[in-house]
Number of protein chains: 2
Amino acid sequence: MPVFLNTTQPDFEAAFAALLTAKREDSPDVDDTVAAIIADVRARGDAALLDYTARFDRMEITADKIAVSRAEVDAEIAKVPEADRMALETAAERIRAYHARQLPEDQRWTDETGAELGWRWTPVSAAGLYVPGGIASYPSSVLMNAVPAKVAGVARLAITVPTPDGVMNPLVMLAARIAGVDEIYRVGGAQAIAALAYGTETIAPVDKITGPGNAYVAAAKRRVFGRVGIDMIAGPSEILVIADADNDPDWIALDLMSQAEHDESAQSILITTDAAFGRAVAEAVEARLTTLERRAVAGASWRDFGAIVVAQDLEEAAALSNRIAPEHLELCVGDPDALSEQITHAGAIFLGQWTPEAIGDYVGGPNHVLPTARSARFSSGLSVMDFVKRTTLAKMTPDALRAIGPAAETLARAESLEAHGLSVTARLEKLNR
Amino acid sequence: MPVFLNTTQPDFEAAFAALLTAKREDSPDVDDTVAAIIADVRARGDAALLDYTARFDRMEITADKIAVSRAEVDAEIAKVPEADRMALETAAERIRAYHARQLPEDQRWTDETGAELGWRWTPVSAAGLYVPGGIASYPSSVLMNAVPAKVAGVARLAITVPTPDGVMNPLVMLAARIAGVDEIYRVGGAQAIAALAYGTETIAPVDKITGPGNAYVAAAKRRVFGRVGIDMIAGPSEILVIADADNDPDWIALDLMSQAEHDESAQSILITTDAAFGRAVAEAVEARLTTLERRAVAGASWRDFGAIVVAQDLEEAAALSNRIAPEHLELCVGDPDALSEQITHAGAIFLGQWTPEAIGDYVGGPNHVLPTARSARFSSGLSVMDFVKRTTLAKMTPDALRAIGPAAETLARAESLEAHGLSVTARLEKLNR
């Protein structure tokens, strides 16, 4: 059973703080191993990739097989059942439509001095998307990473995906095709991240790397950050449901389990204004845990990190939620829009009882790559913005320089940066001559 | 003398590649030291801050002196000459006006299924700005970090600034006051970053840390990343000037020196379509280097990392610029707007000969915290966006869930995430009952 708290109990603050700071992930320290792999790929290129692929993916291939050919992709895609193909296409279309609205606009204006100011957005030229192999190889994640990149205008989008024992995931290949991925490489682990960052004979380097991965992949991404851009380093999944008594306990139980089934380190929390409803949800969870396919994982997550909190009212619930800064937040209350106005930190909000979080994982339209581990306090989910960058623009006229140049000269002098000031002075002297 | 290249020379490609990959910074490996400092501040709080401040800043203070009082700030500000105060206020106003245009808009719409979708932006609650001490303590940098944070709506903005031997910088205090900074602490180094990230008795923790610093500060920012958000880790400054023959060589020389004077590791490059003009600029630089106050620094930077490149035409110049992805790019040509259309990667563009880069450092309006070391390929300068985060919104109706729920069920099944699917199924069953 998970913890069952009431905000009125004397030790609530300590218990809630423990919930917030529970160390859910014990990342192995793989940094030295990863550093060696990256150095090896930089030094030996494809040859290193082939060695690691033989070792970790039990697959002896030659360099000409690092890239997955179009014909191979076609053959995999042919295996996908029609219903799955249609569902993926529905998801892709909805994700594309949502993200198309995120494209930022260029701006340019003239201020009162006559200076023209503004900025211009340009896409990242080349991006690499890491896709895990095996059980965590999710086609939906391919869409969630690749579609925003293509909406942003990334010209070259490469995927690396390990294929342990040579087994490919047909749905991953189809998702890549639907999203417009340009290149697919059958490599994984830290070696794939090194190849994307530094390039090999077969894989040209990219400018930005996104996508989930295990501890090795995460450590490699941290190491190549700076050489290339990376997205966030995601932790285990989390859901917070705020629900009043007017909900079906079984629906809420399933919503909580839909995160718990991801990972034993996932965290599912219910905050309710009704203690009896909280108990009903706890019972519904236990009932579902007798039959769920992934009951071992979901049960461990729920037992170790799950929680039911009884709050005095929705205002208190919102305040607790803001301290959690959840990745996913369901507002299953009568007026979810009003409650959402009180939410200051959350990756994604699901409004009302007809919006289970799983809709957002697949077909809602918003991205499912979201800030975990309280990082919604300072960061956002993946978006088109991760694949574009801003160049600021400034254009002075002689009049504008006359108006604001002297202030620049003064500040340059105050900061003892003489050449800065002189670059303005030389021009003003010409104007005053 | 810096390298002087012509794109037509046989070994140009190798020489240009060497320029791109020149290792300009030899960061000392201070990671172990920094890890120990952070652990100590986490364990001992203010007591650790006081010890490090005594050791590194040669200043014995008590805990009640960690915060700089309002009266102390007033006393420092009173020392600022009127001209400097006016220049800082001009800069702040222009930076504020520019950044106010960056505030992103919330969106909300209803799609064809009746689902409501959108997103909402909220500010980071608390941000910390690191300000270096000593010679690199720039009031302009205080404005460039603090003004966007306040425009974004950050409620609590704290500054940490070391005051070696107890010496404060009056202009830094004034810039903090003008920008609306809420708290100022006289601590620096890795210990200041640790205090901002984890909090001490005196300093409440923040959610995001920005600002420049030495190798210790940079290593500390990398270490606390994840616990809090950070801005980029900035490298030495860079400028690229693309100039035709129709320029005053002395102006261009001063623009090149305005970056070179920052740091011996700075890099200043001229690309010109006219070899004779390139030689004239080289001579003008030599002339200026005989008198500049910071000629030792600027001369070393120019000698070791400077370059003049003669290109065949502006198109070739733009292509070379895109490979450099410069932090600062001046386009001193007849039609700078046309040329800027060909630029795909640059932190900031300065259009035309009346726009010396130094204008952008102080009073142009755009931010002067910009991506270095070729990172303009994948990142942008500091902006209001660094102090806000997006929460995505989704609200299904029964009809919307009927329309798109089945695709989610299908994909959940394909990904073997049963509870995800069931959370949709349970709701659809109620609808179909």
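Placed from the backbone N, Cα and C atoms, the Cβ positions cover glycine too.
Per TrEMBL, these features apply:
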{"type": "BINDING", "residues": "A:TYR130, A:GLN191, A:ASN214", "note": "NAD(+) binding site"}
{"type": "BINDING", "residues": "A:SER237, A:GLN259, A:HIS262, A:HIS328, A:ASP361, A:GLU415, A:HIS420", "note": "substrate binding site"}
{"type": "BINDING", "residues": "A:GLN259, A:HIS262, A:ASP361, A:HIS420", "note": "Zn(2+) binding site"}
{"type": "ACT_SITE", "residues": "A:GLU327", "note": "active site, proton acceptor"}
{"type": "ACT_SITE", "residues": "A:HIS328", "note": "active site, proton acceptor"}
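What TrEMBL annotates, mapped onto the structure for a quick look.
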| residue | record | Cβ neighbours (10 Å) |
| --- | --- | --- |
| A:TYR130 | NAD(+) binding site | 28 |
| A:GLN191 | NAD(+) binding site | 29 |
| A:ASN214 | NAD(+) binding site | 17 |
| A:SER237 | substrate binding site | 23 |
| A:GLN259 | substrate binding site | 30 |
| A:HIS262 | substrate binding site | 23 |
| A:GLU327 | active site, proton acceptor | 29 |
| A:HIS328 | substrate binding site | 26 |
| A:ASP361 | substrate binding site | 28 |
| A:HIS420 | substrate binding site | 30 |
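Listed binding-site residues: A:TYR130, A:ASP361, A:GLU415, A:HIS420. Those with a CB under 8 Å from a CB in chain B, in sequence order: A:ASP361, A:GLU415, A:HIS420.
Among the binding-site residues A:TYR130, A:SER237, A:ASP361, A:GLU415, the residue whose Cα lies closest in space to that of A:GLU327 (active site, proton acceptor) is A:SER237. Taking CA atoms as the reference points, A:GLN191 (NAD(+) binding site) and A:HIS262 (substrate binding site) are 25 Å apart.
The maximum pairwise C-alpha distance among A:TYR130, A:GLN191, A:ASN214, the residues recorded as binding NAD(+), is 13 Å. Under the three-state DSSP scheme, A:ASP361 (substrate binding site) falls in the helix class. Take the mean position of the Cβ atoms of A:TYR130, A:GLN191, A:ASN214, the recorded NAD(+) site; other residues of that chain with a Cβ within 8 Å of it are A:PRO132, A:THR160, A:PRO162, A:GLY188, A:GLY189, A:ALA190, A:ALA192, A:ILE193, A:GLY213, A:TYR216, A:VAL217, A:ALA220. A:GLU415 (substrate binding site) has a Cβ environment of 21 other Cβ atoms inside 10 Å.
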